[in-house]
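Remarks on the structure that follows.
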Amino acid sequence: MSEKQVFSTEWAGKTLSVEVGQLAKQASGAALIRYGDTVVLTAAVGSKKPRPGDFFPLTVNYEEKMYSVGKVPGGFLKREGRPSDRATLTARLIDRPIRPLFAEGFRNEVQITSTVFSVDQDCSPEMAAMLGSSVALVISDIPFEGPIAGVDVGRIDGKYVINPTIEQAEKSDISLTVAGTYDAINMVEAGAKEVSEEAMLEAIMFGHEEIKRLCEFQQQIIAAVGKEKREIELFVSDPELEAEVKAASEGKMKAAIKTEEKKAREAAIEEVKEEILESYKAKELENEAEILGEVAHILEMIEKDEMRRLISQDKIRPDGRKVNEIRPLSSEVGMLPRVHGSGLFTRGQTQALSVCTLAPLREHQIIDGLGTEEYKRFMHHYNFPQFSVGETGPRRAPGRREIGHGALGERALQYVIPSEEEFPYTIRLVSEVLESNGSSSQASICGSTLAMLDAGVPIKAPVAGIAMGLVKLGDDYTILSDIQGMEDHFGDMDFKVAGTKDGITALQMDIKIDGLSRQILDEALTQAKEGRLHILEHLTSTISEPREELSAYAPKIITLNIKPEKIKDVIGPGGKQINAIIEETGVKIDIEQDGTVYIASQDQAMNRKAIAIIEDIVREVEVGEVYTGKVRRIEKFGAFVELFKGTDGLVHISELAHERVGKVEDILKLGDEVTVKVIEVDHQGRVNLSRKALLEKKEQPEGDKKPQAEKKFYPKTKKPESK
């Protein structure tokens with residue numbers, strides 16, 4: 001049995017311990033991370049033999065357990081089901097800095113699983129899982145060029161903070177996750193409140209200093225318990241075959257890559273590949289399938305090398321653009337007549353149609369995960385159908401990529417969404433990618449800005465996004481603006497930056513090399529700003545301000561404030577009162593605990609009617625006020641008059657007229673309208689009314705006057721007698 005070993009350090013003011021040797025001993029490597037009261041187990045397993053195919057089969061799983069926060073899962077089965085969006089995004093977050101650190105040609109399957117056992121809300125389980133993934137790999141026998149680490153960075157009043165608490169995060173204007181090795185940054189994910197490029201770069205470099213310390217900490221663990229790395233057979237092409245294929249195809253491939261239009265370029269490249277493959281099929285080789293697979297791989301590498309050489313040496317891109325040139329832009333709003341807002345954004349051969357839907361606040365999304373229960377009134381969803389790239393295949397539920405791109409767009413736009421008080425609506429954006437040749441996630445951000453302006457959402461400022469690329473050969477590097485699909489596929493970086501004219505609102509960086517220096521990051525951010533401002537200028541030329549009026553098909557929401565103690569009156573016993581209002585008017589009603597009432601309907605007349613009913617219900621009678629109401633009930637001692645919805649008062653028989661009244665029915669009948677004056681509201685809230693107080697008193701002869709006894713119209717409640 002392996003002996004448990006514990007390694008500890010301090011991390012953002014909390015104790016961080018890494019335990020190895022006790023749990024998950026059959027995995028290639030495993031580590032239990034304790035960070036504050038957060039506990040995460042990460043296990044890594046690598047297959048002994050390579051898998052067929054021309055890609056690296058790495059799988060990262062992040063499993064949230066509801067028991068970690070003392071909750072029982074909902075639903076009929078009462079057990080964890082499909083991963084939440086947050087779990088999916090965390091798995092992507094861990095995958096991205098780890099993947100570049102496996103050798104090229106590595107084909108053995110690697111699976112990393114992080115299981116959340118306990119959650120301290122101020123100690124991020126995501127960052128613990130990222131650290132655990134690195135530790136599990138570096139102490140295993142799986143060849144991995146780590147360690148890596150990741151940290152969260154915030155900025156409060158100009159001061160940068162590592163792993164901010166929930167309270168600190170609410171005050172922060174930057175929400176950044178950065179990961180990398182001791183030497184360089186290789187993954188960034190950020191949201192921000194329109195911060196400058198300089199502030200974002202400083203936040204990244206501030207985080208890298210803490211990453212260095214965590215990498216040094218892991219080196220101590222490796223020295224104590226690290227296993228010797230196993231020998232792995234890397235996929236390497238046969239040198240003679242490679243030279244042969246290169247000689248036959250290089251010139252033709254170079255010419256094909258320079259074809260500017262995407263579909264024509266793809267066809268030209270495919271023609272070159274088919275010609276070479278057919279020539280090998282004609283040889284009728286004994287191991288034909290294996291040779292053809294290797295030739296196909298060599299041809300793809302030639303395509304990659306030629307594109308990179310063209311950009312790096314000639315500074316020419318496959319479509320003929322300069323390195324900082326943006327593709328042609330076009331946009332349109334109001335395409336769809338019955339939706340609340342729509343925007344079509346096209347950049348080259350990438351096109352996104354975004355649709356904005358407005359709904360009452362009650363239709364917000366409830367997120368019941370490992371954190372506190374959250375209510376989300378702004379959502380952005382991204383769909384990527386296969387026809388957008390001219391392919392066929394089954395249409396499945398949104399995958400990791402679609403969830404990730406939707407979340408990136410949401411993060412980019414959320415800082416310009418008006419507050420609930422300014423605009424009391426739930427806002428859902430859906431971006432449909434209709435055509436894609438790179439940067440579709442950023443096109444969805446631009447389309448969503450157009451859709452919200454078209455819908456009349458008073459956003460603080462328009463937001464645009466741009467994807468930057470990089471080709472690095474040795475010390476020479478070229479930064480590309482507005483990358484297309486081929487440049488993304490064969491390039492070294494996908495660096496997405498979104499923001500307003502005043503600053504960055506979202507940033508995401510993935511790279512395929514070991515890491516990036518501060519200089520490259522700085523230049524990429526500066527070049528991205530130029531591109532973003534160019535795109536924003538185009539967007540505002542299409543629509544510069546939110547529409548003054550909402551769509552005729554959007555719900556109109558009116559806000560009313562009532563006293564919190566009156567909420568029960570509006571709702572009524574068992575919801576009877578509020579349901580009656582909804583049935584009568586067809587509106588939707590939401591009531592907050594502070595007494596804010598939201599009334600929503602496409603019909604403004606019905607909104608006003610519902611408001612009038614509620615105002616009547618919560619209206620308070622005042623002594624001395626005069627009302628006209630209807631007689632709702634008659635008793636021997638008087639008539640009950642409805643002053644307004646939900647409020648009745650009693651006109652005692654003696655208050656009907658100055659003269660003596662024998663029967664109530666002699667003066668009033670059921671359903672009669674009568675004007676009365678409030679003469680008393682007793683300690684139980686009962687209202688006493690008078691009709692005669694509004695009538696002229698007839699003079700009586702002195703002899704006819706009789707002293708009148710004082711009358712109490714509602715019987716007083718007696719206190720129980722003490723025995």
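Just so you know, glycine gets a Cβ as well, placed from its N, Cα and C.
DSSP assigns Asp488 (Mg(2+) binding site) to a helix. Summarising the annotation, Swiss-Prot assigns Mg(2+) binding site to Asp488, Asp494.
The domain 'KH' annotation in Swiss-Prot covers 555-614.
The annotation domain 'S1 motif' is assigned in Swiss-Prot to 624-692 on the grounds of sequence analysis.
As annotated by Swiss-Prot, region 'Disordered' applies to 692-723.
According to Swiss-Prot, the feature compositional bias 'Basic and acidic residues' maps to 693-723.
It is Asp494 that, of the binding-site residues Asp488, Asp494, has its Cβ surrounded by the most other Cβ atoms within 10 Å. The average pLDDT computed over the domain 'S1 motif' (624-692) stands at 91.
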